[in-house]
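If you look up Swiss-Prot, you'll see His254, Cys295, Cys299, His303 marked as Cu cation binding site. Annotated region 'Disordered' per Swiss-Prot: 1-23, in sequence order. Annotation comment: Swiss-Prot describes 1-41 as signal peptide. For 71-91, 118-138, the entry in Swiss-Prot reads transmembrane segment.
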Amino acid sequence: MTPRGPGRLQRLSQCRPQRGSGGPARGLRQLALAAMLGALAVTVSGCSWSEALGIGWPEGITPEAHLNRELWIGAVIASLAVGVIVWGLIFWSAVFHRKKNTDTELPRQFGYNMPLELVLTVIPFLIISVLFYFTVVVQEKMLQIAKDPEVVIDITSFQWNWKFGYQRVNFKDGTLTYDGADPERKRAMVSKPEGKDKYGEELVGPVRGLNTEDRTYLNFDKVETLGTSTEIPVLVLPSGKRIEFQMASADVIHAFWVPEFLFKRDVMPNPVANNSVNVFQIEEITKTGAFVGHCAEMCGTYHSMMNFEVRVVTPNDFKAYLQQRIDGKTNAEALRAINQPPLAVTTHPFDTRRGELAPQPVG
């Protein structure tokens, strides 16, 4: 019998497949399996690919919203790419260059390696520069204020609801011109004298000579929609028209946010005195329908219930709606006249009753 020497055993161990090995092919199979499971999760959840690739952002209904969405998605993709590279290098170094018991020397050092340090400095600078450039481009687009908006809306926020007014409408095609500002109501908000002191001089208020209840900075219009505890305010807007929003708060800081605008603006009390820009515009609204809006600034007890609805209709329907309002119809009656639901359909009022009297919300 031929003895089995160590050489024979070594050759046999080399021929026998090692447990747990598989090389690159196994890694590719695992990657393909992960991708298939991810696609299956998206399909089963009922999400569309556009929603999944949007990383949680709505589609957007204005050109500014689309630009903001693209900027966000691009920034996330760039961040993920950088993250994958960095994480990959960390794991690769930890797995393949970890210290072994047989190591007797220090690994190769890269300190003071000028070419490497230049590369690791220039690449992040270029990435940040590109992101900064596109951020400024989108920001300037979103903050652009044109001189001739076709619709001007006054937004007044207060704890815990909204008032919307139509200050001016001037369609470029000449089919609708309307001046809805109400200067008389605005003048009525001027602070009254607070009396006279012991010398017979008129007392002035503590805030720039005005009393603390002064609201002369608020705008008032002939056609307004006022939210109440029983009715969500519905702001009716036309599609395809440049719209300007002028915002002011009657009390604390609020925020005007329509998720499909992909844009939130704080609503400040007395914006001029607080050095706050209270005007923004959208180029147009590209989709008709109902879209919920929220206050996005913590403003007190019922902040979470401070909702409103934006109802986007065609320009012809908007003209008919505004004429109904000018003729004295309520917001609900004017909406019904253009075959729209008279009340909000995206949210419901907060029931102010308590205990067993309050009905349970449906749905």
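Cβ coordinates are placed from backbone N, Cα and C, and glycine is handled just like the others.
Positions of the features from Swiss-Prot, shown on the structure.
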residue : record                 : DSSP class
His254  : Cu cation binding site : strand
Cys295  : Cu cation binding site : strand
His303  : Cu cation binding site : helix
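Put plainly, the binding-site residues His254, His303 were compared by Cβ crowding within 10 Å, and the winner is His254. In the structure shown, across all protein chains, Cys295 is the one of the binding-site residues Cys295, Cys299 with the greatest number of other Cβ atoms within 10 Å.
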